[in-house]
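Visitor: I have a structure here, written as structure tokens, and I will follow up with some questions on it.
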């Protein structure tokens, strides 16, 4: 790899003055810590070296020449453009709020462009669907994901010249080169922080990579489709697919990246260099860990790829706007001083005049409230509220208190009386919706409002009270989140008549609160907008002037009379002007959509208050009634004129009803908001005057917040109508929607702000939010305030056009800010509905919102699917919607979900409760029936795939390393030679001899006890019994089996003592035992082939088993799974003849083979290793010393006895050490969960061993049974060590849950620990009885993906808790090695764990002669730095060693070994290394219904399989949650999400997931998934 031009040699570095060397070293350190950039480093470094550069160049010309020979191969990351969606679709019905024929044409035109191209996307597969396709053949997704760069292209290859190879032959050159190949680091952060440093040794590794690794047979390739042929960086050879039954040997690939050589006091390098090291170490200080706060800095700048702004994006060019004033508010002499005064006036002088008419369900008038009745009943209510609810001394209500008004939408009369009654009593009404159920959508937030307003009293009608949900004993239910309320019925018969002398107190309107109107924010929180009496009055005056209201006019109100324009016009302005309101409830509109038009016709109404929805419904029902006239209407107030899509409804209504007398100038759109009240309204026009113009705006311009008349593609235009002028007496300005309230330019979209006496005054009880909304002082571009008049934010987006006309283009609440561009949710809904949806979705039942995922907002569209829509129709419609939104808005949709009809949460008036829908989506409770995720097209800010950076030069790396004061990462258990032992066992070299000796010395000493599910002893074995049983088995092997010494014998037994006897029987006969898990009788097809495979691979001459299993092996069911005719000799050992061998076999040397240990790894590889007699002896001795085992001890074992340490503990250790083993077969726990713990308690066991499966079973199964355990008298205080036997990274969370759960029954939190072993050495670590407790560290996951270790503090984001895997066993040494260069790395650096120990296996057992592989794995040497030339075995696991402050048993500082994960399990994605367990842990956390999760890769796509333990309707809820969490926490896009039934993910006896088996089943379409989602 080409390095920097001026690369001084070690000699040149040594020649530099000490202070320059020190500064250089500091600089290297800063670079490795990430404190400075590569560029800054280069600059400072060249400045430092410039005075010495001539010498440097002369001394190192050889290096220069060498560098010129090493030109790196170009590495182009091939990313194909994200695929657009191509498939023709047909579509359906629309919601007329969003209807626009122009827009529909635009959408159809946009879709037409896609017509020719086919969609390159597989349909999701759903169980019980007629459209299930095989994932393997029909569903190969396009290889176009941003996460699927071709991995070969991300790797660099270094060419090496022949001359260089020659020069590397002598040792001196090795040392110098390897020192140059080292790299900088600190104690807490490891070397590769700026990419990989590859010195010449690394290059050499490249050259020999093929001979070392690639030629050997390997497991089926799982992650790559291409592989760089000459680079060791390709972990797995490509395109080698072995048949499932193929014989596979253990093999650990060279890892792709790891930190490189770090030298210090651990391994001698060269004395000449070490003096220099000593000098530097003495002069330079050790680096410190970064301060705590640094771990919590949001590092999105480093992570996120910020999309470059489009150079052609439109920018505002106008001048800064000036606030626009409305006409002055006219002063009319007879206007009342307060609204209550107007009521008093009309109620006493015009008592017979009609005030309000209510309709029945058929739309006929049912009751008319006169002004006299309104006045008298309001008066009675006011008097009752103040005087009759409590005692005289303790009234329940005082003026200024808040009360809730709970009246249905079809009872305007009762509501009006209650509202004015409150005003007269000077209590503050808070109108809310009638709760329908205990848990209404958004009901909890209404409860929050009631609580924050301090409301204890609710007014309602008798009818409404009867309809409220009740408990069984007739009380009103306690609504979720609500305070306790007292309900008061306001029907006349319950009210007291005030005495003659009682009069309400009506003062002139001031700033005291009059009423509170609730408002739901975008997030779903409900706030109370407080309106003062003065604002209420002023607003009525402004409306009266703007609408030119006069006494006696009739107004038809179709809106909700409890809030917004329905309240202001229909309840306030009518009283102010003595008008007559006819209230048409929503329920009547549903049954008789034309009722409001009929009311206008019948009453010759002058004004109608409607929404676009009402216009649309009237048009739909128009044919039912032809003889209506709307000629009396002077104003048709369209109150949702602020919706940009209202223009088409208005146009359509006018064209239909103009023939019925509707005047074009009568249509008056207006814009309102809860905070600013009426923002603008179009005044009633003069007949014959030209109608206001339209604005045809570019959607692209709008997305950048700029007003541009649309000239480009007419498909992406938005036509908006004005909403008239500013209100009388008001002033309006437009400010930027985000940041400080800076005035916009004239061609810029912003938030409309209004200043007048007619707006709200505050959010009740929320001072902080109030200031930002109700007290806004606009500033100019320099940031200085413009005037001192406070404005109110209206929450509407728009601009002031020519002639001071106000245009609204959307709401702040509907704003979706995606990748720096603004989109309006309503616009997206309109586009979705313009895609003809025929039978797919319901109009008006679409929700659009954004969710924040990976540092940006992502658009989610949710719609209700019609029950009769087919899967195919739905999928077609969804695909077309994606195309349409992409074409028209140039934005991708992250997720499109269809839910069953009527399942979206509704608002009280029947709309969709958006925030609640979003909440359900995020918590996984939406239950979609169809879903499409498109993360590949939307997520454009992923970090660039990692590419190897040019490394820091070898010499400077060397210096930097010395600065860090690093020691080599190595650790060792106690030295076996120093341990004094006077044990008689030591004189025996073979385990069989020890058993014979014990049978003579202590014949009756019980070694084994086997328990059943009830906890009773079913079998015991004393030394003599075991010896005799073994003799008889040995005899049978000779007689029946005709076996010779050295023949392999498969032992097929359930966990028990028979298995142990058979093992020693084989040793006595000189045969080689191979323990195999028996097949599962109920699942032969899955379990028998593994047995067959081990029998074949081990070339077994005979199978020892029980009668039951023998019958099973030869059964018809077995014949369906394997060839039963070719089994070797099968001997059942149930009834043995009483015969013994004349002479027991004694192996000639301890190096002879004792037994074979076969195991299937998590990657699906079957590996057999050879264990010699000396290794067996050494293993047992190490365990005996570590656990202090001797004859009087008793241990309990609850794990599988077929391989690894589990086998050794079950079968070997008791015979060696003489302790008693209580054997608990794990499968018995399924029948009795208490078995293991009750056994430990019963026998007062101090040391117990189990597997993760057992621990998980107890944690999950006994989680809520701790009290039962206590009552049974189970106490675990006797337990000193509870050891989990594992070959993986410790599962800290499970261990902690177990400890926490059972601490209540005495389990010491210090007791639980784990072991660590691998195929090459089954027992490397085991906690044991002495030495410090296992330590834990938090490491940074991001660094781990780069093969670095960075220690962080607890709670740091992206941190991973790692626990030490027990203590290293006596006689065991480990070193951490860079798997590529085979050079040792420094303390706290990540690398492969290599082990040296007398009990290491002697090699793989294989039918091929792979001597080289054996050498590479079992007898390999460090490439440099080890004068002793120790032989090491490669474990295939990544980990690191860290020296702690604790003291080991030897008295020295303790070195902790941390296991990170198996190399061959890791996934290489986007140039980074991922451990599947980390992704799985994230996924398992997201939803309560996920039982288990496993991940693997398929054609460069990440596949996530989740087991669903809930109901099947939750299956699709998991798809977005899985996609979100993997994106957020791991920066990866999930390609396929597969939802399966519990138990589908195969797990082996050690509790490890068999991901490769799962992958094979997935590709063979054998999973029977509930749902398969292919993310686009």
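Backbone N, Cα and C atoms are what each Cβ position is placed from, and that goes for glycine too.
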Visitor: If I look at Swiss-Prot, which residue among 140, 907, 1002 would I find recorded as phosphothreonine?
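Guide: Record lookup in Swiss-Prot returns phosphothreonine for 140.
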Visitor: Check the candidates 71, 1149 against Swiss-Prot and report the one noted as phosphothreonine.
Guide: 71
Visitor: In Swiss-Prot, one of 179-201, 248-270 is tagged region 'Disordered'. Which stretch would that be?
Guide: 179-201
Visitor: Return the residues near residue 50 (phosphoserine), defined as same-chain residues 6+ apart in sequence whose C-beta is under 8 angstroms from its C-beta, sorted by sequence, else 'none'.
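Guide: The answer is none.
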Visitor: How would DSSP class residue 50 (phosphoserine) in three states?
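Guide: Residue 50 (phosphoserine) sits in a helix per DSSP.
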